[in-house]
Amino acid sequence: MHQKLLKSAHYIELGSYQYWPVLVPRGIRLYTYEQIPVFLKDNPYITDGYRAYLPSRLCLKSLFILSNESVNIWSHLLGFFLFFTLGIYDMTSVLPSASASREDFVICSICLFCFQVCMLCSVGYHLFCCHRSEKTSRRWMALDYAGISIGILGCYVSGVFYAFYCNNYWRQIYLITVLAMILAVFFAQIHPSYLTQQWHRLRSVIFCSVSGYGVIPTIHWVWLNGGVSASIVQEFAPRVIVMYLIAAVAFLFYISKVPERYFPGQLNYLGSSHQVWHILAVLMLYWWHQSTVYIMQYRHSKPCPDYITHL
Ligand SMILES: [Zn+2]
C-alpha cells in the first residue's frame, strides 16, 4: 500500500524551495511545460503542474487533484454556485420585497442565467483543455470564449433595461444593437482561424470593443438624464465606472501574464495572472448584479416622469 502511494506521488514546487508531494489518481500525472503538447503551450512562465493527454473521464476526475488549473477551475465553480444562490435569494426575497414586476423577474433571471453559463463554460474549458484530442480541447476553448460573450450580454441586458427604464425607444435600440454585436462575435468564433495564436491580438481587440461599446449608451444615458448633476447619474454612474475599472485591471492581468512573468516557475499553482483574472471576473459580475438590484429598487421608489415615458 505504502509503495503504491509513493508511486503515484508527484512532487510539486510551491515557492522556490519547498517541494510538496501530491497524490494523483492512477492514469493522471503532471507534466512540465516542455512535455505538454503544443496546443497547450500558452504560458511559458507556468513551468510545471500541467495535466495532459487525458480521456474525458480522467479530465473530470482531475477536478479533485492539485494541478496548475485547480484554482482556475474552482474559482469559477464557486462563482457558479454564488450566482445560483443569488438567483434563489433574488427570486424568493429581494424581488418580492421590492414589489418587482414580471419584467423585473425576467431581466434578473436572464442576467443571472448568463452569469452562470459564463462560469460553467469557463469551468468546462479549464477542466477539459487537457483532453488528449486537440479538437476537443479547442472546442472547449471556443465555448469558454462564447461564455465570456454571454456574461457580457447578461451585463448589457440588465444595465440597458434599467438605465433606459423610462425611455422605451432607446431601450429597444440598445438591446437590439447589443444582441446583434454578441451574435456577430459568435459567428466570428466559427471561423477556423479564430482560436489560433495568430488571431490572439484580434480576439483581444474584439473582446475590448464589445466591452467598451457600453461607454456609448452610458454617455447617452447621462445626457438623457440631464447631465452629471442629475441624482440618478450621481448614484449610478460611479457604479458603472467601478465596473469598467475592475474589467480593465482584470484584462491587464490577463494579457500581461503578470506576476508570473517576473517569477517564472514559482506561481505555477497559486498566484498566476489567469487566477487573478478569474477572481476579478467573479467580483465584476457580482458587483454588476448588486448595481442592477440597486437601480431596480431606485426605479421602483421613483417612478418615471410622465413626459419621458411616452418618448
Ligand atoms: Zn479562464
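Every residue, even glycine, has its Cβ placed from backbone N, Cα and C.
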Residue in H126, H131 which TrEMBL records at the Zn(2+) site where H274, H278 also bind: H126
Selected stretch (most C-beta pairs under 8 A with the transmembrane segment (202-224)) from 71-89, 104-128, 140-165, 171-190, 267-288: 140-165
Long-range Cβ neighbours of the transmembrane segment (104-128) (under 8 Å; 6 or more residues past either end): 56, 59-60, 62-63, 69, 72-73, 76-77, 79-80, 83-84, 86-87, 90-91, 95, 98, 136-137, 140-141, 143-144, 146-148, 150-151, 153-155, 157-158, 161-162, 278, 281-282, 285, 289, 292-293, 296
Other same-chain residues whose Cβ falls within 8 Å of the Cβ centroid of H126, H274, H278, the recorded Zn(2+) site, in sequence order: E69, V71, N72, I73, S75, H76, S122, Q275, W277
Cβ neighbours within the same chain of H278 (Zn(2+) binding site) - under 8 Å, at least six residues apart: V71, N72, S75, H76, G79, S122
Of H126, H274 (the binding-site residues), the residue whose Cβ has the fewest other Cβ atoms within 10 Å: H274
